[in-house]
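As listed in TrEMBL for this protein:
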type     : residues                       : note
ACT_SITE : C78                            : active site, nucleophile
ACT_SITE : H164                           : active site, charge relay system
ACT_SITE : E166                           : active site, charge relay system
BINDING  : G46, E47, S48, R99, I127, R128 : L-glutamine binding site
Amino acid sequence: MVIGVLALQGAVSEHVALLKRCNVQTKLIKEPADLQGIKGIVLPGGESTTMHKLLVRERLLAPLKNLVQHNFPVFGTCAGLVLLTQPETFNSFDGEVIRNGFGRQRESFESAIEVAGFTDPFPGVFIRAPYLKKVGTDVKVLATLAANRIVAARQKNILVTAFHPELTLDTRFHELFVNQVVPMSKFVAN
Ligand code: GLN
C-alpha cells in the first residue's frame, strides 16, 4: 500500500519516516500525476498560506479537493488541518478553525494529550498551532486542550491533529490513519 505525502513545503520527511515505521510505502506528491496509485494522503504541517499558493501553482488543489470530498483518506497535521477546514482551500472538514490559536506567548509548547482510544497520553508538539473552536455533528472529537480547544478529530475519511505527531517517534496517529486506509483500499487515485 502506498500513502502519498504532499511535498510542497513543511514537515515532509518526518511524515515519510513515521509512515515507514508503520510498514507502508510512501510517495512524495508534487504534481497531479503523482496522485496515481496512492491510497491515502498526508498533508503536513508548515505554513498554510504558502501551501495554499503552491497547491494552486502546481495545479494540485482541484484534483486533491475532488479526492478529499469523495471519501479519499487524508490525514492533516497543523497547517494540513487549516487547509482541510478553511473554505478557500479544501472546504472539507466541518469545523471552525482558529489559526495560530494559542497566541504569542505559547507559540510552541509540548503537552501530554489524552486521546480517545489511546491508553497512554500522546506527546503533543504544538508549533504556532491552530485549534478547532467548533465542529459539525458528524465529527468525532479525539482530543481537547484547556477551554475545550479541539486538537484532534476525525470526520469520516479525514483525520486531523493541531499538533505534530511526525515530530515525535510515536506512531499511534499514523497507525490510526493507516488502519483507516486499509478498509478503504479499494479506492485508488487515478
Ligand atoms: N500557523 C501555521 C499556519 O496557519 C501552521 C503552523 C504549523 O503547521 N506548524 O499555517
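Cβ from N, Cα, C; glycine included.
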Which of the three DSSP-derived classes (helix, strand, coil) applies to R99 (L-glutamine binding site)?
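DSSP call for R99 (L-glutamine binding site): coil, neither helix nor strand.
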Determine the Cβ neighbour count for R128 (L-glutamine binding site): the number of other Cβ atoms within 10 Å of its Cβ.
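Excluding its own Cβ, the number within 10 Å is 17.
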Taking the centroid of the Cβ atoms of G46, E47, S48, R99, I127, R128 (L-glutamine site), which other same-chain residues have Cβ within 8 Å of it?
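The surrounding set, listed in chain order, is G45, C78, A79, V82, N100, A129, P130.
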Taking the Cβ of E166 (active site, charge relay system) as the centre, count every other Cβ atom within 10 Å, in any protein chain shown.
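29, counting other Cβ atoms within 10 Å of E166 (active site, charge relay system).
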Determine, using Cα-Cα distances only, which of these binding-site residues is closest to H164 (active site, charge relay system): G46, E47, I127, R128.
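Going through G46, E47, I127, R128 one by one, the closest to H164 (active site, charge relay system) is I127.
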If one measures from the C-alpha of E47 (L-glutamine binding site) to the C-alpha of C78 (active site, nucleophile), what distance in angstrom results, rounded to a whole number?
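One finds 9 Å between the Cα atoms of these residues.
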If the L-glutamine binders are G46, E47, S48, R99, I127, R128 per the record, what's the largest distance between their Cα atoms, in Å?
13
